[in-house]
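Okay, structure first, notes after.
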Amino acid sequence: MPNETWEVNLPVEEVPPELPEPALGINFARDGMQEKDWLSLVAVHSDSWLLAVAFYFGARFGFGKNERKRLFQMINEVPTIFEVVSGTGKQPKDQSDDDESGEDEEEDDEQGATCGACGESYGTDEFWICCDVCERWFHGKCVKITPAKAEHIKQYKCPGCSGKRARV
């Protein structure tokens, strides 16, 4: 302001009334709390509010399954506010090649995986499929799924989740 005072007013059109409210409790007085504990509490509440806002906008702009999955992957690529404040945060991945980041994450998930049917370790020369329910990985041959057949599956359920037996 001309008199050297500040006034912050958010434009109404930028803050829709249906936007998730920040979680109650982040304005706690610090009475008796250690600063680190108080900051951690504020950080946890902030993380939950940021997730709510992210998915609110995803729903508002009609994100489909793939867009929501990508949003969730992008959120998981960076540490949470709590992780930063508490010092337990993971280091963000090197994003030098953004075009392949989704594929890289899938490969990272598969590395170290064992087949839910036969128990053998992941091999890059074999086709694998992940159950959308229990998130376990399977050799395509163990669950009788070929890459071509997988292209037409909207949501894959492994034998355990669908009640069918796997070939071992």
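Counting begins at 1 with the first residue displayed.
Any Cβ shown, glycine's included, is placed from N, Cα and C.
Automatic, uncurated: that is what TrEMBL annotation is.
Under the heading compositional bias 'Acidic residues', TrEMBL lists 96-111. The domain 'PHD-type' annotation in TrEMBL covers 112-164. Among the features that TrEMBL reports, region 'Disordered' is placed at 86-114. Positions annotated as transmembrane segment by TrEMBL: 38-59.
For the domain 'PHD-type' (112-164), the number of residues in each DSSP class (helix H, G, I; strand E, B; coil) is 8 helix, 8 strand, 37 coil. Within the model, the domain 'PHD-type' (112-164) shows a mean pLDDT value of 86, rounded to a whole number.
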